[in-house]
Structure formats: C-alpha cells, structure tokens
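Undergrad: This structure is in structure tokens; I'll ask about it shortly.
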C-alpha cells in the first residue's frame with residue numbers, strides 16, 4: 001500500500017494553504033488600510049478636512065457637486081445675517097441707517113432653507129446693503145456673545161458674486177459651507193500605498209454616544225480643536241467655554257482604554273481667526289494663568305501645552321500641527337506630514353523599526 005497523499009488530503013492541504021494565504025493578504029491589506037477617526041467638539045473643522053481630502057486626493061468637485069452646494073451656501077449666508085440682526089435686538093444695538101429696515105424685513109421673510117439655483121436678487125441686495133451698516137458691523141464685532149457661523153464675514157464680503165445669476169461655488173465657497181454632521185460619514189481616499197478610511201462623527205454633545213461604533217481597530221485619531229473659540233460658549237450649553245469643553249473631551253479620548261495603542265494627531269485649527277482675535281479679546285479673561293498678552297506665539301504655546309500635558313501615558317506621543325482647515329496648500333503639506341507619521345507608526349507596530 002503506497003504512502004502517497006489521498007486526493008482528499010491534497011484537497012484539504014490546498015484549502016489550508018489558500019486560507020493561510022488569504023489571511024496573509026488580509027493582514028497586508030490591513031497594514032495598508034488606515035482607519036482614521038476624526039474627533040473634536042462641534043464646529044472644530046472636521047468636515048472641512050474631509051472636503052480638503054476630496055480636493056487634494058480625488059480631483060476636486062464636479063460641476064454637479066458644486067451645484068449641490070448652492071442651497072447650503074445661500075442658506076448659510078441668509079441665516080448668518082438673520083442671527084446678527086436678532087443679536088442686535090437682544091444686545092440693543094440700533095441700525096445706523098433706519099432706511100435699512102426695509103432690507104431687514106426682506107431678510108427675515110426668507111425661509112430657513114433657501115431653495116433654488118439662484119439667490120433672489122432682492123435678498124442679495126438686502127444683505128449687501130445691511131452688511132455695510134455701522135450698527136451691523138458693531139454687532140458683528142461682538143459675535144463671541146452669540147452663536148454665529150465662522151464663515152459669515154466671508155459670505156457677506158462675497159455676496160455680489162454669490163447673488164449673481166451665473167454663480168457657481170468655487171473651492172473656498174464649498175470649504176466654508178456648513179451643515180451640521182449627524183451620525184457617521186465615511187470618506188475613502190488613497191495616498192501613496194495607503195488607503196485611508198476617514199470617519200467624521202458629529203461633534204455636538206448629542207452625537208458623541210454614536211462614536212463607539214468607530215472605535216474598533218482604529219489606526220489613528222485626528223483630533224481637531226478650534227483654538228479661535230477660546231472666548232466663546234457652547235452652542236448646546238451657554239455656560240460652558242468651548243475651549244474648556246475641547247480640553248475635557250481631549251482628556252477623555254487621549255487617556256481612554258480604547259486608545260492606549262492608537263496614535264493621536266492634534267490639529268489646533270482656525271489659526272487665522274485666532275490671530276485676529278487675540279488683540280481684541282484678551283485670552284487672560286478666559287484663562288487667568290495665561291501671561292503672554294496678545295503675543296501669537298506665546299498664546300499658541302500655552303494652548304499646545306494645555307492639551308499635550310493631559311496625556312497620562314509616558315510612551316504615547318501626541319503629534320501636533322497648527323492649522324487653517326480652509327487653506328488647501330497648508331492642509332496638503334500637513335497631511336503629507338501626517339502620512340509620514342502613520343507610515344512610521346505602522347513600521348514600528350510591525351517590528352520593522
């Protein structure tokens with residue numbers, strides 16, 4: 001009787017080899033697939049980073065996609081002006097030119113969601129006229145006292161172009177548009193040999209309980225903080241400072257048992273607004289131990305140290321970048337640096353460095 005393998009044994013061996021090879025392929029694929037979780041408090045710039053990834057790595061937005069942003073941009077613009085006009089009432093700030101009252105009524109008559117391909121010309125004219133009023137400008141300067149979209153001034157300054165009949169949103173218009181993120185959105189893109197699956201989760205408090213679904217096998221956390229909000233209060237709770245909320249959230253994420261082995265990249269975002277605010281809104285009013293006055297570098301160092309010092313793990317490194325999420329050139333450079341960090345972390349985890 002021969003000692004050769006039976007047909008059944010050969011088939012079993014072949015199946016085992018195929019399973020082992022598939023497991024190896026899966027492991028290689030996992031190493032090349034980066035699961036990145038975008039975290040941060042509401043309005044910190046997470047969705048803007050995702051839009052930048054589309055611009056930088058996916059060839060940008062098609063004409064149809066740009067068209068789809070029109071209603072969002074129109075609604076953002078009208079709603080922002082309405083917020084200012086309502087704030088003028090509560091802050092008891094009058095219009096300088098009472099003839100503007102007609103335009104104010106036009107703005108208040110608009111629905112919350114503007115529909116259509118063109119902003120009605122009377123609405124564009126009303127916003128353009130009212131934005132020039134000194135009373136409106138004075139109220140805008142006090143925007144930290146109420147909840148105003150960061151992009152308000154940008155859209156008001158560009159209202160003539162936005163209200164034109166042939167208007168087509170450009171990259172900046174799209175990047176600055178704001179829709180509250182609810183639930184979890186996933187974006188996939190490729191950088192070099194790595195495939196990124198980037199998850200954006202709602203930043204408002206009511207959305208945070210949904211983050212748990214994203215936690216498994218996360219390679220990296222990209223945590224965003226709007227440092228320009230050091231003097232603002234939460235949308236959901238106007239007794240809580242936004243920067244304090246971000247510090248509390250970062251503490252809970254950085255030191256969570258879920259993320260002991262997860263690399264964390266911290267984007268200290270909205271540096272353009274931060275630099276503008278420092279001379280007119282002293283940081284010491286909100287953080288009494290800060291001693292740097294309106295010096296931009298000193299203020300950046302202070303905030304950086306406040307976040308990094310929360311890390312309780314000696315072996316865990318927090319990678320930090322100061323960013324302006326609407327600046328495509330800068331985000332392209334920063335994300336290239338992030339990619340290098342992730343490659344190094346992958347090699348280290350695989351024992352290759």
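Each residue, glycine too, has its Cβ placed from N, Cα and C.
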Undergrad: According to Swiss-Prot, which listed range is region 'G4 motif': 249-256, 257-264, 265-272?
TA: 265-272
Undergrad: Of 305-310, 311-316, 317-322, 323-328, which range does Swiss-Prot call region 'G5 motif'?
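TA: Of the candidate stretches, Swiss-Prot labels 323-328 as region 'G5 motif'.
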Undergrad: Over all shown protein chains, what is the count of other CB atoms within 10 A of the CB belonging to residue 47 (GTP binding site)?
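TA: The Cβ of residue 47 (GTP binding site) has 23 Cβ neighbours within 10 Å.
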Undergrad: With a 10 Å radius around each C-beta, find which of these binding-site residues (43, 150, 272) has the fewest other C-beta atoms nearby.
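TA: Taking 43, 150, 272 as the binding-site residues, the minimal 10 Å Cβ count falls on 272.
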Undergrad: If you count CB neighbours within 10 Å, which one among the binding-site residues 181, 269 has the smallest count?
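TA: Ranked by other Cβ atoms within 10 Å, the binding-site residues 181, 269 bottom out at 181.
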Undergrad: Counting only residues 6+ away in sequence within the same chain, which have a CB under 8 Å from the CB of residue 45 (GTP binding site)?
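TA: 224, 226, 267, 269, 270, 323, 325 - these are the non-local Cβ neighbours of residue 45 (GTP binding site), listed in sequence order.
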Undergrad: Across the region 'G5 motif' (323-328), what are the DSSP residue counts per state (helix, strand, coil)?
TA: 1 helix, 0 strand, 5 coil
Undergrad: Where does residue 181 (GTP binding site) sit by DSSP, helix, strand or coil?
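TA: For residue 181 (GTP binding site) - judged by DSSP and reduced to three states - the answer is coil.
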